[in-house]
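To keep things clear, I will list the structure first and then write my remarks on it.
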Amino acid sequence: MLIFRFILVFCVSTRTRLHEIQRTAHQAWSPAEHHPIHLALGTSAQQLDASFNTTAALEIFEVDFSDPSLEMQLRGSLPTSNRLHSIVWVNFGMGADGTGGRLVGGSENGTLTVYNPEVIMSSGVDAVVGQSDKHTGPIRALDFNPFQSNLLASGANDSEIYIWDLNNFSSPMTPGAKSQPAEDISVVSWNRQVQHILASANPSGKAVVWDLRKNEPIIKISDHSNRMHCSGMLWHPDVATQLVLASEDDRLPVIQMWDLRFATSPLKVFENHTRGILSISWSQADSELLLSSAKDNRILCWNPNTGEVIYELPTTNQWCFDVQWCPRNPALLSAASFDGRITVYSVMGGSLKAQQQSTANKISSSFDSMDPFGTGQVLPPLQVPQPTVQDTIVPPLKKPPKWVRRPVGASFAFGGKLITFENPQLPPVQSPQPVPRQVFVSQVTTETEFLQRSRELQAALQSGSFNNYCQAKIHNAKSDAEKDIWKFLLVNFEDEARVKFLRLLGFNTNGLISQALLVGNFEGAVDLCLNDGRYAEAILLSISGGEELLKKTQQKYLSNQKNSISMVMVTQNWRDIVQSCELDNWKEALAALLTYAHPEDFARLCDTLGGRLEHERTEKRCLQACLCYICSGNIEKLVECWALHRDCSSPLGLEDLVEKVMMLRKSIERLRNSEVAVQSPILAEKLTCYAGILAAEGSLATAMDCDKYLLCVCTILDRLFHAQEEAAVGQQPSNSFNRVNVSTAKPTPAAQAPAPKAQIVPQPMSIGGRSVFSPPGPSVSAANLSGPALPPPSSTPGVPPTSFMPSTSFPSGPMPPSSQPGAPVPMYPGGLHNQGPANPMASGPYVPLGSGYPQGGPGAPAVKPFSAPVPDNYTPPAPITAPVMGFPVEAPQSHNHAQVPPGAPQEPSVQLLQQLPAERVEQKEIPAEHMVLKSTFDSLVQRCQLAAGDPQTKRKLDDAVKRLAYLYDKLREQSLSHNILNGLHEISRCVASQNYQRGLEVHTQVVSSSNFSEISAFMPILKVLMTIANKLGV
């Protein structure tokens, strides 16, 4: 059926007339169950074709829509002795293969004949299976029962109506006594809902409804105008009590719809034809399609529910006396016209080509060229004006028919929503009215493990339980390499990180060494370490034993290590050592860096070692490189290395990466006591995919938390923001498409034009009388994804806030490598350690905090007030200055500034902060009549904050405070309309009386009647706030 409909659509896309044949005949389509589609034609009584042929036949044609020509293939023909007034094709006796049935014809002499169509199409012999001469006049009306296909009704002269049983054709029954006065029966029709109800009509316009159980008429219908000459009658396909009557009278060319419950007058009257109606046909596939043909040469299709003409088929200058819908393909109809044409049309629109041959030519061709009356004169040629041949474009139905409407449908939407609908088959109703349809919105989740892990990560980020999270990941790790990575990440959240890193690298003292240390025997402990090949521990212990023990240990080491520089040989040239050491001894190299590398160089040296490991391009070296990047705190390098050697295309692969990135980032923020900026295109790409998967699984809030990494991907942010049910819960992204700019001053008309959203212009900031620009770009903060807020900067005198570092002078030209994107930016810019105190008036760009650890790497004290001052006479341990494998000895650099312990951050000057001018902003007062709004809404927020327990609700309430500030600014500017102000005051009164349901109703009224751009900044959060208050019962 689908293939057939496709072929049909293809055909009608180019033409409306599909097939045509020259016949003057009545027509009958094969039943809907019959395949292929056939059309039976019986020679019409009281009509002559152009050839004046008086023979009669019953013909069956196959309707082949794959044939582009107009011709139909004749499958069988049977000569008949009588011409027909009516013909029907019933599915009685149809085979299981969809063929067969019975053809029943009513002739002009009152003979009713039953034919076997399969016999006609095969041989034609013995095709008549039943015949009766019970009727005394022409049989103009035939119809079969839709419930019992063996029952057939026929109508003829003198009010004769018979009910025939095709199983016993010899004994018909009558529905009751004949109607008086006796009239011709022009139409009989079985009810489409009740099988024992039959209706008949006569040309005078009277209709009788019969109840075959009682064998009597139950109601009679007639038009009081007495001008209703009935040419057709049909029952409503869905409503049992409604039927239509068509009038053939040119004075009343209408179709009347009657309802038997109100039979005093027509329920509806359809008026569009200008002359009498000859035939009607009601589609059984769509009750909103009613065909009619009339003497005005028009074929119309009506919507009976509205009375509107939804389709018109222009025809020739000949009347169509019979139109019928095709039962199997509801888009087709056939029309029989008085000019001897049977045409098959499509109601789906297309081109209608004009007919070329006129009827006059065919009539002329039937006569000889000589005078047929014997006068011996030649007939003069017939001069007939030839009209201009033009193609007509016929539009399709104005409304989609039921058979092309989807019974069910489904579509996926953003956020993992599945939208489904269905059009269930409704039971028959007495008066069809528009029925509301239901659309179902459901959440589809396919990645359950991914969602569970993302929720666990989000819970850890919000609660700050990073240690427990890392320990759980270690416990559940499926490989030793995965376990090592999580152990390294865990150490970042613990004290004495450097010592624990060394332990993880395998540099631990055994029981004998511990016993030697307990008794203070450093030399014995050193010997034990040297004998065991644990040179890093030996060097560490020798430092504590004094300079003499350190030199002795160095000499022993050099005597044992002739061909390797993998052990800790602390010189001033760490870059060459890291670049030249054997990669198999990377642990020793990393341990040496953790122990002796200068705090300023530590991150860069770890990255160099990690880069060498990563360059080997093996999975083992990749994991070792990741450990180096974790030690250096280089998020960008960790992401690049992990994404290069691990599959991050799957949801779980992305989750692995995001978990590690978030934990490393948290550990850096913990040491810095400030948020971290990450500049990594690869990370942005991966997080975009991550947010997309979260959104597709319905976790919109978690996906929205990724927005701080996705400032350049404004499309997904905007969709995430507006896709949430409570869109105003999260702070709107700064680059959202529908951002509303609110200023403290009343905007001028020119200022109200929206500015381009993609353009970011850095604003100048005055420092010490000079103007510098804050660096633009996708700096990434961690407001949503970072969980609980970080502690406020220290206010101890003499200690600056951690989020500000003093600037220093740089020569003009490129910035140093450490400040380039992708490299960790140290706490102090390069070269600061050998310069004097920073000049607060110095000009130059302010270098923001990078994504790496603060000065000194992991294990260095966090940026916080020092608990004790550093002694002035403190001297760090002397490094080993002996040459290693021929490397030149570099003299120690002299430091002009005060010496501090390795890894301890230097106190920056606070003079720059003191020189920042305090910016004063003048704010207008809220008008007195609107102060009640502020007091009411602020009080509601406070009550909810006291009652709220879960972190999600608290976050919503914190955002409510920010959103309400937009409302108060609007009140100060007096820019809200009178309607909105009245609504806000009504909401305020509802809040004061704790009638939140009424408040939500008022909120809906205000939103639906106002300009959304005027209220989008604060109205959504009011709904959220009232919903929370109603839930908490405050």
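From the backbone N, Cα and C atoms, a Cβ is placed for every residue, glycine too.
Any TrEMBL annotation is an automated prediction that lacks curation.
Pulled from TrEMBL:
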type	residues	note
COMPBIAS	732-743	compositional bias 'Polar residues'
COMPBIAS	744-759	compositional bias 'Low complexity'
COMPBIAS	789-800	compositional bias 'Pro residues'
COMPBIAS	801-812	compositional bias 'Low complexity'
COMPBIAS	813-827	compositional bias 'Pro residues'
DOMAIN	513-635	domain 'Sec16 Sec23-binding'
REGION	732-843	region 'Disordered'
REPEAT	132-174	repeat 'WD'
REPEAT	270-312	repeat 'WD'
SIGNAL	1-18	signal peptide
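Long-range contacts of the repeat 'WD' (270-312) within the same chain: residues 192, 229, 231-232, 234-239, 244, 246-250, 253-257, 318-325, 327, 330, 333, 335, 345, 347, 394-399, 401-403, 432, each at least 6 residues beyond the stretch ends and with a Cβ under 8 Å from a Cβ of the stretch.
Using DSSP to sort the residues of the repeat 'WD' (132-174) gives these counts of helix, strand and coil: 0 helix, 21 strand, 22 coil. Across the repeat 'WD' (132-174), the prediction's mean pLDDT works out to 92. Mapped onto DSSP classes, the repeat 'WD' (270-312) shows 0 helix, 24 strand, 19 coil.
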